[in-house]
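Quick paste from Swiss-Prot:
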BINDING   15-23, 33-40, 63-67, 121-124, 151-153  GTP binding site
MOTIF     37-45  motif 'Effector region'
LIPID     Cys200  S-geranylgeranyl cysteine
LIPID     Cys201  S-geranylgeranyl cysteine
Amino acid sequence: MNPEYDYLFKLLLIGDSGVGKSCLLLRFADDSYLDSYISTIGVDFKIRTVEQDGKTIKLQIWDTAGQERFRTITSSYYRGAHGIIIVYDVTDQESFNNVKQWLNEIDRYASDNVNKLLVGNKSDLTANKVVATETAKAFADEMGIPFMETSAKNATNVQQAFMAMAASIKDRMASQPAAANARPATVQIRGQPVNQKTSCCSS
C-alpha cells in the first residue's frame with residue numbers, strides 16, 4: 001500500500017453542459033470560483049487528499065464534458081470509477097429531466113456497485129429556481145441514491161457532497177475487502193502523474 005494514502009478513489013462528475021460541474025470541482029479542489037468558466041472539452045481531473053476516520057483518502061476527480069458529441073469519449077472514463085456524482089442545475093428544468101438519461105449511462109458503462117450521488121447545483125440562485133427540492137428528493141429516493149443541493153459559488157454543501165461520497169465508498173470497500181483487493185481499479189490511475197492538475201485541453 002502506498003504510504004502516502006490508505007485509499008485512492010476515482011470519482012466522476014457527470015451531467016449536462018453548463019450545470020456547474022467544473023465549478024464544483026474547482027471549489028472542492030482549490031476552494032476557488034470563477035463566474036465565467038470555459039466549457040470542459042473532453043475530460044479534466046484534479047486531485048485532493050482528505051482525512052476521514054483516521055484514514056487518508058486520495059480523491060481523483062474527473063470532470064467530464066456534458067456535450068453530446070463527447071459522450072463516446074467520456075464513456076471509457078466510467079470504467080474503474082468508484083463513485084459518480086450526477087449534477088443538474090436547479091434553475092434548468094431540462095438538466096434535471098436529463099438526469100435519468102445520465103443514470104442510464106451509468107448503468108451501461110460503470111460497475112454495478114458504483115456509488116452514486118445526485119447533486120442540484122446553483123442553489124444560491126433562489127429567485128430562478130425551477131426544480132423544487134422536494135421533487136428532486138423524491139426522484140432520488142425513487143432511484144435509491146442520496147441527494148444534496150449545492151452552490152459552487154458560495155461553497156454551500158460542496159465539501160459535504162464530496163466527503164459524503166468518499167465515506168460511502170470507504171464503507172462499501174470495508175464491507176467487501178476481498179472484492180476490493182481482487183479488482184485493483186486504481187492500478188492504471190497510479191500511472192498518471194499525481195501532480196497533473198491542469199486541463200488537458202485548456203484552450
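For all residues, glycine too, the Cβ spot is worked out from N, Cα and C.
Looking at the shown structure, what environment does each listed feature sit in?
Residues within less than 8 Å, Cβ to Cβ, of Ser123 (GTP binding site) and separated from it by at least 6 positions along the same chain comprise Val90, Lys129, Glu149, Thr150, Ser151, Thr156, Asn157.
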So if I draw a 10 Å sphere around the Cβ of Cys23 (GTP binding site), how many other Cβ atoms end up inside it?
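That number is 23.
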Suppose we draw a 10 Å sphere around the Cβ of Lys153 (GTP binding site). How many other Cβ atoms does it contain, all chains included?
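Taking all protein chains shown, Lys153 (GTP binding site) has 18 Cβ neighbours within 10 Å.
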I want to verify one value. Collapsing DSSP to three states, which class is Cys23 (GTP binding site)?
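Assignment for Cys23 (GTP binding site) reads helix.
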